[in-house]
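A.B. asks: What follows is a structure written as C-alpha cells; I'll ask about it next.
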Amino acid sequence: MPPMRTAAGRNKKPPPEGFEDIEDTLLEFQNKMKDAENASHDGKKKHEMIWPIFQITHQRSKYIYDMYYEKEAISKTLYDWLLKNGYADAMLIAKWKKQGYEKLCCVRCIQTNETNFRSTCICRVPKKTLNESQDIQCVNCGCRGCSSGD
Amino acid sequence: MADIPVRPPAGLPALAPGWTEHSAPSGHVYYYNKETKKSTYVRPIVEIHGLQQQHAAPRPPAPQAPFGANPNIGHVNHVASNNQLNPNFQPPNFRFGGPAQEPFQNAPQHSNPRGDHRGGHRGGFNNFQDRRRQPEDKPKHRSDIPNCAPWVLVKTKLGRRFVWNKDTNESFWKFPPHVMKAVMDFDHKEREKKERREHGQPSDEEDTAMAEVEADLAAVEEEMEKQIVRVDGEVGMDDDSEYEEVEVTDDEGEEANKPPKRQRTEEPTEDQAMEMGEDDIAWQLAQMEAMEEGDFDEEDEEEGLPLTEEDCKALFKELLDDTRISPYVPWDKVLENDGLYEDERYKALPTMKARKDCFDEWARERIHYLKEQKANQQTLDPRIPYLALLHKYATPKLYWPEFRRKYKREMKDSKVTDKVKEQLYRDHIKRLGLKQPELRSDLSNLLKAQPLALLNGSTTLETLPPSILTDLRFISLPASTRDSLVGAYISTLPPAPEGAFASAEEEAEVIRKRAERGRRERALAERERRVQEDRRKQERDLAYGMGRLREEEAEIERAMKFGKDGLKGQLGS
C-alpha cells in the first residue's frame, strides 16, 4: 500500500470540492492507521502485525467506495483525487465491482500465484463448505471470511 | 371484575340452626348437625329448602354472592326441570368441579369426567389443569343500567348477560320488560361510545373501554369455548347426542326455553376459596389479575395503531435526523453514538441489517438534500459572502486596488464581478466615515422595512433574510454593536405569522408531515406498551405456574399425611 499523499507535502493544490464533507472521517481513519502502525508488537505473531493495517485500508476503501458508488455523495473529480492520493485502494475497489468479490478483504487473498497449490486464501471459502466450528483467520490480513455468500 | 370475591367472603350465609362448622384434618370445612348426627361438606343454609323447591332459583353469580360454598349443588336437577315453567329462573352457568353430588349422567357434558370423580373424593380439590382447560362461565363485568336503579347488567365470561337486582338479589337471563328497555338504551350508548373510540378518540377511563371490548372478546372466547367443548366431548361422555346441543348463546329470550344443560353442569368456579391455603389464594388472585390484564392486552391489540414497515423506517430516519449525525460518516461511527440505543425508535427496526440499510437510505437522501441546499444558497446570493468579507476586512486605510491585492485569495471563489465588487467596496468605505448614530438609525430603518414574514420573533442572527444580508447598511456597524442591536430588535418582534410559509401547499405539507410523525410515534409507544404488557403477563404466568407447582406439592404432601383411617372416619360419619 503506497503511503497516502497529504496536502502538507509537495502537493499544495487544495482537494476538490466536497472534500471537507468527508475530511473528518478520513482524518479518523488516518489516526487509526497511525495508531496501528505504532502499536507494540509484544506477543504478536509476525504476520499478525500487519492485519490492522489491512483492515483499516479495507475500511477506508470501502467508505470511499460507498460514498461514490452507493451514496453518490462525492463527485467524480474528488473520487479520482482520493484514489490518486492513496486514500483508497483502486485495485481492491476494482475487484469489488466483480460478481463474487463484493466483500473481498484484500487483493492478496486472491493471488493464486502466491500459494502452494495455486488456490486462493482460506477466507475466500464460503462458510457452508467449511466444517462446522472451523474458525479461520487468514494469514494475509486476518480476514475471517469474505466470500460474498456469507 | 373487582366485584368477584376471590376468597371466601366474610359474610357467608348463616348456618341453619343446629349445624356447626368444623374443619376436617384434611383442611376441608364440613358441617355437623348434632341432632340428626349428620355431617356434610355442603353448607346448610336456613331458608335454602323453601327457596330451592319453589323458586329453584340458584343464585346467579351475583357479584357479592358468596362463592365459598355452593348451596345449590344438590338441586341443580330440579332447577333444570323447573326451568321451563319458571320464566324467572336464573340459570347460573358457573362451573366448578366441586363435590360431585349430582348423578353422573348429569355431570358436565363438557367437563372432564376425571375431574368430577376426583371432586367426589376430594371435595373440591379441583386441580387447576382441569379448571383451566374446561370452559367456565363466570361473571366478568358488571355495569349499572342507567335509569333502572337497582338493576345491574352482568356479563359473564362467555359473553352472556343477565340482569341482577341489587336490592332483591334476583337475577334473570330473560330481561323483565322495563329492564329490557333500559338495557337497550344502554347498549345503544355503548355502541356509540365504541364507534367514537374507533375513530381514534382515546378513552380516558379504562373501565368503559374494557366494557366495550368485552363483547367482542367474549365472542371470540365463545368460539374457542365451543371448540374446546367439542374436543372434550369426544373424550367420552355417555350423552354425546345431547352434547351437540350444548350451545352458548347470547340470546336472553331463548335461554329460558331451552333445557339449560349448562346450568346443570356448571357450578361457580369460585370454589377454590373453600379449602385452599393462603398461597392458593395468592395465586388465584394472580390468576384473576392475569385475566383482567389479559383483557387489557387484547384490547390494546385491537386498539393498537398499525406500525407498518415504512413507519418503522421513517421512525428510524427521524431518530437519525434528531441525533444530528452527519450523513457522511460510516455506519460503524454512527453506532458509536450512545444516544442512539437509548431511544425508543432505535428498536423500531428489528435487525442490525435493516438498520444499516435504513441508514444508507437516509444518508443518500440527506446528502442529496444537503447538496441541493448548498447549490440553492450559492445561486441565491453571491454577494453575501463578499459583503461578509468586506465587513471583516475593509478599512478606510486601503484603496480598492490595495484591498483587492491583499485579499485576493479570500475573494477568489466569489461569483461577483469585479465592477460590482469595487462599487460595493467604495460605498462601504464611504459609509464607514459616517457617524455612529447615523449608522444606527440606518440599520434600524433597514430592519423596520422588512416584512414580518421574513423577519420575525423566531428569526435568529444566523437566519437573517438575504434582503438584510445584501444591504450595505447592515455591515456598516462593527459586528458586536450590530449584533446586539439586531438581536434586541428581533426580540421585540411578534412570532411568525401563520401564513409565513411560501405557499399553502408547503404549509399543508409541513402539517401533514408533523401529523404523520406524531402518529408513528404514538404507534411506537403503543407497541412498546404492548411488549411491556406481554412481558409482565409472562412473568405473571411464571409466578402462577410456580404457585400451581407449590400447590400441587402441598396437595401431595397432604395426601401423604392423610391416612386411610381418617378418610374412612370422614366418610363413615
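Every residue, even glycine, has its Cβ placed from backbone N, Cα and C.
Model, not experiment: these values are computed from the prediction.
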A.B. asks: Tell me which of B:1-26, B:365-390, B:443-468 corresponds to the region 'Disordered' entry in TrEMBL.
C.D. replies: B:1-26
A.B. asks: Run through the domain 'WW' (B:13-46) and tell me, per DSSP, how many residues are helix, strand and coil.
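C.D. replies: Reading the DSSP string over the domain 'WW' (B:13-46) gives 0 helix, 15 strand, 19 coil.
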A.B. asks: Could you give me the DSSP helix, strand and coil counts for the region 'Disordered' (B:516-540)?
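C.D. replies: Final tally across the stretch: 25 helix, 0 strand, 0 coil.
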A.B. asks: For the domain 'WW' (B:13-46), what's the mean pLDDT in this predicted model?
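C.D. replies: PLDDT averaged over the stretch: 82.
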A.B. asks: What does the DSSP secondary structure composition of the domain 'WW' (B:145-178) look like, as residue counts for helix, strand and coil?
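C.D. replies: Helix/strand/coil tally for the domain 'WW' (B:145-178): 2 helix, 13 strand, 19 coil.
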